[in-house]
Amino acid sequence: MAEVEREVFGRMPREEGGGAVEKFILKSDSVRVEILSLGCIIAALETKGRDGEFADVVLGFDTLEGYTRKHPFFGAVVGRVANRVAKARFAVDGKEYQLFPNDGPNSLHGGARGFDKVLWSPQLLPNGVCFFRLSPDGEEGYPGDLKVWVTYTLSGGELAINYRAQTSKTTPVNLTNHAYFNLAGQGSRDIYDHEISIEADSYLPVDDTRIPTGEVAAVQGTSFDLRQPVELGKHLQKFRLDGFDHNFCLQRAQARRLVARARHPPTGRAMEVHTTQPGIQFYTANNLDGSLKGKGAVTYPKHSAFCLETQNWPDAVNKPHFPSALLRPGEEYNHTTWLTFSAT
């Protein structure tokens, strides 16, 4: 059984409403997680190596100030629609909706003030915390009042994240958590000595604005074939890749299934990702450039972390042959992702 504690982490700036930001600490024998009521942010996640020592394996900041400034979604729940919507617009039932373009011509991770930048209402659970918010009709251009619940529970070495949503009007919904991991410990220089595998036979090629072209391409014989573990640094070098920022297409199933694994052989730390989602975005922090100072005043250079964002396929609302991104009144959006940490 996990222990759960809560404390005040800080107060939002006056211009942001000035509310109190709480921190919830979930503890088991092998994992310790800190989660903020701002953006449902995973601010720290400590797990053991084979030596039995704990290390914090997610990037982030020591103070609230870091999270209220511009940052690349460290640890946050992103929405209403994670990833990119092409040309920041879409149509539903014959009506076109315009979003805020915050990634070149596209809308990324919910727009100018997405779910990552707002305060959520927390409710303590015996082994975790449930956050709730109402995203009002028209927020960031999206239709419908959207009720959203994000629940974190810890059991032994496994952190479960459940996302639920209900809407008053048909709207696209795609929720994920954007934690940046480095199993050597946050602040480590790079992730080149990590082994990565992803259980996907296909992936989505993208255009120069990182929008899927619409093709669903086989990984066989390409740099995207990660079905067997690869050492990341050698793999990037072998294929002359700048990094990954792509959606891998998972087998369609409503049941929990293993979709990815990351391992850091020097420390023995490993992380498995199980999910009910149809896709996973593998991102190697290509846009970090050392300009951000994180926890302990360390800088975060390019390739100093990886993200495994379980989600629906990017731009699905504009691509009818992709798994549907639409949630209709009377339906419930309900997905769970499990992160399991171990040491070998």
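Glycine too: its Cβ is placed from the backbone N, Cα and C atoms.
Values in this document were obtained by computation on a predicted structure and should not be read as measured data.
What TrEMBL says about this protein:
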- Asn83, Arg84, His178, Ala179, Tyr180, Asp245: beta-D-galactose binding site (BINDING)
- His178: active site, proton donor (ACT_SITE)
- Glu309: active site, proton acceptor (ACT_SITE)
With Cβ-Cβ distance below 8 Å and at least 6 positions apart along the chain, what are the contacts of Glu309 (active site, proton acceptor)? List them in sequence order.
Ala82, Asn83, Thr176, Asn177, His178, Ile280, Gln281, Tyr283
If you draw a 10 Å sphere on the Cβ of Ala179 (beta-D-galactose binding site), how many other Cβ atoms land inside?
26
How big is the beta-D-galactose site in terms of the longest C-alpha to C-alpha distance among Asn83, Arg84, His178, Ala179, Tyr180, Asp245, in angstrom?
18
Neighbour tally for Asp245 (beta-D-galactose binding site), based on other Cβ positions within 10 Å of its Cβ:
16
So if I draw a 10 Å sphere around the Cβ of Asn83 (beta-D-galactose binding site), how many other Cβ atoms end up inside it?
29
